[in-house]
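According to TrEMBL, the protein carries these features:
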| type | residues | note |
| --- | --- | --- |
| TRANSMEM | B:6-24 | transmembrane segment |
| TRANSMEM | B:36-54 | transmembrane segment |
| TRANSMEM | B:60-80 | transmembrane segment |
| TRANSMEM | B:92-112 | transmembrane segment |
| TRANSMEM | B:147-168 | transmembrane segment |
| TRANSMEM | B:199-220 | transmembrane segment |
| TRANSMEM | B:280-297 | transmembrane segment |
């Protein structure tokens, strides 16, 4: 009897296996048959919108990259008037783990999401693959470079504009003429290096004697590395610490040492009120509102988004007037004005690098493709320590 | 010279959380329990210590809470592996996932219910956490900042290591624990209460790990709560146990060396030679592998893993 049961069970299992195998290609077929012809996206009624968000960290961190993105989602929700149930968040999704990424996205689709935002670089390839498989769902990926002109676009912003402005605050504040910069990635990462160069250009515009010392942590999020890098920079005599990394630890380390700092992602004066002069911040709500509005109005075209200060995506947080140097606010305001009216674009003209060569041409400015993917040089005042 | 001094000081600070984790793990392994849950116990200590400090504004209460939280983590592990004979590796890994998860869960809960969406330690405890100034001694050039100007955790860590060294090598209780780690059957036959002592040591080790976690959340993150504050240090501590060859006092040296490796890339002058950062990140683990090779060649019983470490003791199968 027991034997019979075992045979039946085994047969059952084998059968299930077969049916599962048979089903899979069937499910994939529609995607394969529809080549990437431009697809019209019908307007999705506001009540039917369901937004999925894939976060690399936890929005409840209260500071940093994921927090800034989630504030953007919250802002979009308020601006458009969505219910809480219309937003699905997947937190702590490791972006170097394609399986985890795929699971999180598929869960969103299963729960009925029709627009999915992936906030971290590493989600890119998984989103590209799934976008081909689910042509009715809008995929929007932040910080990468891939898109398909239909249901998969790319969004990022001109954070270098804000970095230039914060560089002015740092350049005017420093007394030792040494400014530290905790960078997440090295020279080959154009996002980090371009931002760092913009910052150094901002410093140079008001204080040509100041040097920018850089320490690379090799990690986007690592509390102890970021603390240690800031500590080392302070030890070398830096009195203003700027950062391109996720935690406010460099600001806190600067505060502990009686020095000053420039925050990033969100307003870090919340964490280190005595040290943070200002922060280069993202206002992601500008993009998320734009994207979801397009989906609601039926105007989604799959075009990529690269916003700046003009679009309200990029800003600097309120300047800490009690600790910045005199004249900082005026200097920042005038630079900001020339950026907004288009007379100044940060990477203008010929720029000298720290290995003695030059980039750019007189009378021209670097194009967007170069800025997002091709800045692999440091400005002449920058030293990697 | 100045940079070198800064480097040494920073090494000690970077090594301190590792020191607690390592001593905790040594206490576990000496009792025959390979506890891979160091990361989890540290995370629990990080959360409990921070929140207790945040609410009570008192360092002592924060330390006790961190110790208790680490002990609770270890208690779960102890019940599963000592009483129910569950696999030690699997239980330890589970404890890591559980500890990190519960720590982030409570941290998140507190953040969401805070007024400013931010948790920062109040003034009084921040002052207690800052570097200790010993009159005269701190003012001595070079030696002063190098030896007498750290935060309380550093001295507590060294003290703990020395006390644990004495406990394991010079007290009857500690020698009994080591006998259990080598051969629980023989120890049992000699009349040592195996289960009781195992519980005691595993929980003591967990508590020490918890304090290491509190260092991560309270000192490294400058007194602002952050999820995932331990961020892998528990795993380095497990490797460090091998480097320290299962001796709490050697762990002092070992953890400062590992701390030094961790920060070497920020202090090594790039003007001399530029080495990719990945090489520095790799160093501690290469050294650990080397130490493993060397100790296995030397076959020293004294400096190797306790013989029955990782194997559960089942009295009826003796």
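Note: Cβ is positioned from N, Cα and C throughout, glycine not excepted.
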Seg_contact(the transmembrane segment (B:60-80), the transmembrane segment (B:280-297)) with at least 3 CB pairs under 8 angstroms, min sep 6: no
Folded-back contacts onto the transmembrane segment (B:280-297), same chain, C-beta under 8 angstroms, at least six residues removed: 236, 239-240, 242-243, 245, 257-258, 261-262, 264-265, 268, 303-304
Feature contact check the transmembrane segment (B:147-168) with the transmembrane segment (B:6-24), CB under 8 Å, 3 or more pairs: yes
